[in-house]
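According to Swiss-Prot:
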- 12, 13, 14, 15, 16, 17, 18, 19: ATP binding site (BINDING)
């Protein structure tokens, strides 16, 4: 008999430790069927634009995401049907030509900077988490990640942070904290918060 999946929303600023918290939850339930879906996968396709136009996109604004498509796919998973999730190419600043097949799972972790900003997404979630990390730590992590994984220059990262990332954090991301069921200071290093979250998930799954 198909059992409706649990959806957990994990948000916070860029470089704040959202993915680490999500992976800590994944690792705590080795026998459960858990998937992590990132909002970043649903950045809009920009193949019709020149590369010069693409790099100017504000990726921290709600309009950069095809959230309608994400909601549609989450509803498919909730109904027990597999979906083909888009894959975003950060170096080309548009979607790649490949997708990832995701089957329904017991738990679906939805992770991204704006997943609590959209009421329609929030309404699909059983647990909503906000990872609250100091600004200095987040920018250092972002610099390391974008230079190593996304081929960005230091100058471009700092320019984007001051002109886009920081203003968007205060306009859209930080205000969404009020919708969180649990706020996690310092992310995955907050062992007490992670234990509380895992206990709640276990109770829903019937593991306790």
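Glycine residues also receive a Cβ, built from the backbone N, Cα and C atoms like all the rest.
On its own chain, residue 14 (ATP binding site) has 60, 113, 138, 142, 165, 169 as residues at least 6 apart in sequence with a Cβ closer than 8 Å to its own Cβ. Around residue 19 (ATP binding site), taking its Cβ as the centre, 19 other Cβ atoms fall within 10 Å, counting all chains. DSSP assigns residue 12 (ATP binding site) to a strand. DSSP classifies residue 17 (ATP binding site) as coil under the three-state reduction. Residues 113, 131, 133, 138, 141, 187 surround the recorded ATP site, their Cβ atoms falling within 8 Å of the Cβ centroid of 12, 13, 14, 15, 16, 17, 18, 19, which are themselves excluded.
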